[in-house]
Amino acid sequence: MAPGSKAERKAALDAGAWMFNVVTSVGIIMVNKALMATHGFSFATTLTGLHFAMTTLMTLVMKWLGYIQPSYLPLPELVKFAFFANLSIVGMNVSLMWNSVGFYQIAKLCIIPVLCILEIIFDKVRYSRDTKLSIVLVLVGVAVCTVTDVSVNSQGLLAAVIAVWSTALQQHYVHHLQWKYSLGSFNLLGHTAPAQAASLLVLGPFVDFWLTNKRVDAFNYTSIVTFFIVLSCIIAVGTNLSQFICIGRFTAVSFQVLGHMKTVLVLTLGFLFFGKEGLNFHVALGMLLAVIGMIWYGNASSKPGGKERQVYSTPSEKTQKHGVLSSQSELDQKV
């Protein structure tokens, strides 16, 4: 295959992966907003456990059909990943409960600088000036259009710090495990989804009772609520898979930076479907800055020297690793 056609194919696959993630992520946010805000189902941790249970079912079917080949992930690595991932979910929910919405949004924005630190320390990544400035512009734009009231207390600050670092570690770990053990997105999900489903379904009802003072088993499950729960779980399969595909194809930092396009889309759809009272000049300005920053980041990071990883392995090791990863990622590319 000619170099030009290879580059075009990679660009098309990259765009497809991002579109897959954006569509599923925005879709699940809108469905969950209807489920929780309209129908009062406030058990977010338990719902996430159901999401991973549906994802586990999907991976079992894919294994049965022969689309997922046997792979290996050491138990200590699996336990470590599940710990960070579940701590991220609980930490974000607790942070939202203990902090104002404004400080919660600021905490979410801090995930990008933390991921940059992790990539610099562990992956030996170096960023150009334009790449750094584009990240700053994205952060400023998203902050302008999402951050309103900002108040914080000691326990809320602690919850935010735990949520930010656990989320950053979990997303960095996705990329690390895929490369270290030559795991495709389906393979990694096949290992991690069952562990997260089991742990969250056991702990979720207790965490949700602590957060909401309501019991998940006492909720009135009408047909429409059940429909939204099932729909949320189905969309979550695509969301979980697309997250692993995107982080595997790119990096956790790129996933977070360009992922803020979802924030802009959610705000836009919210104004269209749930009322326009929150739409004003500074929100529109923030959305515009964020979009410009994302375009700038995509251009700056793709240039030579924009974002480079210092590799110390020998050429033969690189070739062997690339061959294994290519074979493992064929199914991801088909998706």
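From the backbone N, Cα and C atoms, a Cβ is placed for every residue, glycine too.
For 12-31, 43-66, 78-96, 133-150, 218-238, 250-273, 279-299, the entry in TrEMBL reads transmembrane segment. Under the heading domain 'Sugar phosphate transporter', TrEMBL lists 24-297. As annotated by TrEMBL, region 'Disordered' applies to 302-335. Residues annotated as compositional bias 'Polar residues' in TrEMBL: 325-335.
The transmembrane segment (250-273) makes contact with the transmembrane segment (279-299), as judged by at least three Cβ pairs under 8 Å among residues 6 or more apart in sequence. Using the rule of three or more Cβ pairs under 8 Å, pairs at least 6 apart in sequence, the transmembrane segment (43-66) is in contact with the transmembrane segment (78-96).
Most Cβ pairs under 8 Å to the transmembrane segment (279-299), among the stretches 12-31, 78-96, 133-150, belong to 133-150. Within the same chain, residues 20, 23-24, 27-28, 31-32, 34-35, 39, 41, 43, 47, 50-55, 58 sit at least 6 positions outside the transmembrane segment (218-238) and bring their C-beta atoms closer than 8 Å to a C-beta of that stretch. Same-chain residues lying 6 or more positions outside the transmembrane segment (133-150) and placing a CB less than 8 Å from one of its CB atoms are 100-103, 105-106, 109, 112, 116, 127, 253, 257, 260, 263-264, 267, 282-294, 296-297, 300-301. Looking only at the domain 'Sugar phosphate transporter' (24-297), the predicted model's pLDDT averages out at 88.
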